[in-house]
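As given in TrEMBL:
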DOMAIN    2-79  domain 'GST N-terminal'
DOMAIN    81-206  domain 'GST C-terminal'
Amino acid sequence: MVSYKLIYFPTRGNGEIARQVLKYAGQPFIDERIPKEEWPSMKNNTPFGQLPVLEVDGKQLAQSIAIVRYLSKQFGISGQSSWEEAQVDSLSDQFKDYRLEARPFFRVKMGFAEGDVDKLYKDVFVPAFNKMYSIFTKYLKESGNGYLVGGSLTWIDLAVAQHSADLLEADGTVLDEFPEMKEHQKRIHDIPNIKKWIAERPVTSR
């Protein structure tokens, strides 16, 4: 039996979607959460000096998206064909671009940088968010079955639904202009194994 260990900090952050893939699949794994004060002594024992790291039978894989893609292929939620896999990867790359565009706003909002949060919300976050969620809505409408790509769950559904949930936690009205995406978030988080994980996972601010 394959042994999985996911190593990350005690937050959702860049480790959460890998956790959700494993939980969705019903795959036992060690969810190792490293306190920040212990990280410096471990850093040199990771492939790139950063987390998350996935250990598969003791072999290490770094980079959050590479981890999620690997696990999704193992458990059948990377797309049902090469074309669907490419579409999932395409949306993922665009999602990354959006997060980079919106990063100045989120850094100030979360206290990691100084700035005018209201101005950044209006000038940085809103344009990036509207562009990204319009794209997501288009994909949802084209699929016609409640998933972003193809006829079944893929890992990009998990990633987007978690981001939507995080946004809604901060502002319950943020998806009012994107009702399809609000329904998407609810649908994905009502999947039994995902719903159970969300209810029992450690409570963190992000």
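Placement of Cβ uses the backbone N, Cα and C atoms for every residue, glycine included.
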Mean per-residue pLDDT computed across the domain 'GST N-terminal' (2-79): 97
The domain 'GST C-terminal' (81-206): DSSP-derived helix, strand, coil residue counts: 91 helix, 0 strand, 35 coil
The domain 'GST N-terminal' (2-79), counted residue by residue under DSSP: helix, strand, coil: 34 helix, 17 strand, 27 coil
